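Report on the following structure.
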Amino acid sequence: MSKEKFQRIRTHINVGTIGHVDHGKTTLTAAITTVLSKKYGGCARAFDQIDNAPEEKARGITINTSHVEYDTEFRHYAHVDCPGHADYVKNMITGAAQMDGAILVVAATDGPMPQTREHILLARQVGVPHIVVFLNKCDMVDDLELLELVEMEVRELLSQYDFPGDSAPIIQGSALKALEGDEKWSSKVLELSSILDNYIPEPKRSIDKPFLLPIEDVFSISGRGTVVTGRVESGIIKVGEEVEIVGIKDTVKTTCTGIEMFRKLLDEGRAGENVGVLLRGTKRDEVERGQVLSKPGCIKPHSNFESEVYILNKDEGGRHTPFFKGYRPQFYFRTTDVTGTIELPKEVEMVMPGDNIKMVVHLISPIAMDDGLRFAIREGGRTVGAGVVSRVIS
């Protein structure tokens with residue numbers, strides 16, 4: 001009887017390729033899976049398999065995304081690649097594929113182009129924490145000075161958007177040659193894989209973050225008090241701990257006196273679990289859906305924020321007409337809608353369906369939020385846009 005192969009539990013990291021159209025993002029994705037599958041096992045994916053990306057829906061928005069996976073020496077990676085520029089914009093704004101780090105692909109033959117800049121800006125706005133650069137098509141450049149020049153431009157561009165341009169790793173390679181099996185260039189892909197292992201730190205797991213539970217429902221149980229239910233977004237809650245109720249109304253402190261899951265009593269509720277939390281001395285009408293239960297002091301309510309937003313086009317079920325400043329839709333955060341008004345950048349008169357845009361939002365009541373929180377924009381219950389908080393304005 002053959003023995004099962006021993007599986008070491010590996011750190012799981014989410015990455016993706018970003019960069020200008022035709023600079024080689026998909027070719028590099030194929031090359032990574034091909035080169036690494038030879039060394040560490042796993043499945044090689046051909047260019048066509050990745051390029052014909054299936055449609056997915058995230059927050060009601062159709063996005064074409066290819067997901068591949070591969071192993072490196074120390075880790076397991078899930079990697080996203082998008083065929084079109086619009087798909088990147090939607091993907092990054094909706095957080096459909098959250099990235100722990102991105103591989104920026106820049107063709108050495110072109111240098112940084114408009115979408116290179118736009119993707120770096122988006123990565124900054126939506127909180128992609130780390131960028132590694134793959135300078136592609138270096139087999140087509142004989143002039144070493146030209147390579148140095150392109151590298152300098154890329155570093156300047158990264159620094160412009162608050163990434164560490166001076167210290168960001170840049171690998172000079174050729175995705176196509178590596179995909180064709182050329183050893184010199186395959187070694188560059190292996191170099192990229194070890195840089196991913198060393199440069200992108202292990203992400204903080206949601207269980208290690210402070211406790212947060214978006215409230216979905218509120219009940220009162222006679223003789224026991226008020227119970228709020230929801231899915232624990234992060235951290236751990238234990239019986240007897242002090243918690244805060246944040247958002248919509250003034251922040252209130254209370255104590256958790258009991259935790260239930262599937263009608264069983266628990267000592268604690270953990271990230272990912274659906275639980276009911278019994279609150280001491282809290283009245284039924286003091287809590288509502290849309291607030292959050294959190295570890296005291298770890299999240300504050302805010303009404304004003306800067307955001308990066310994608311507006312659905314009409315084929316996606318969005319608006320058929322543009323909107324202008326003073327537009328008042330609902331902003332759906334976690335479990336609830338809050339009305340807000342928008343401020344557009346000075347040079348923008350109107351926003352068309354299918355656009356992505358920076359806007360400042362003023363909500364009529366405050367919501368517990370931090371930078372990086374995702375939201376949907378809705379009109380009468382229908383999603384017309386998706387956004388991410390890029391900066392809270394206190």
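Heads up, the Cβ atoms here are built off N, Cα and C, so glycines get one too.
Since we're looking at a predicted model, the values are computed, not measured.
As annotated in Swiss-Prot, region 'G1' covers the listed stretch 19-26 rather than the other ranges in 19-26, 267-274, 315-322.
Swiss-Prot assigns the feature region 'G3' to residues 81-84, out of the candidate ranges 81-84, 153-156, 285-288. Residue ranges 136-139, 184-187, 232-235 are listed, and Swiss-Prot annotates 136-139 among them as region 'G4'.
On the 0 to 100 pLDDT scale, the domain 'tr-type G' (10-204) averages 93 in the predicted structure. Among the listed stretches 19-26, 81-84, 136-139, the one sharing the most Cβ pairs under 8 Å with the region 'G2' (60-64) is 81-84.
Cα spacing between G19 (GTP binding site) and T26 (Mg(2+) binding site): 10 Å, rounded to the nearest whole number. Residues 23-24, 27-28, 105-109, 147, 172-177, 185 of the same chain, all 6+ positions outside the region 'G4' (136-139), place their C-beta atoms under 8 angstroms from a C-beta of that stretch. In the three-state DSSP classification, C82 (GTP binding site) falls within coil. If you take the Cα of H85 (GTP binding site) and the Cα of T26 (Mg(2+) binding site), they are about 13 angstrom apart, rounded to a whole number.
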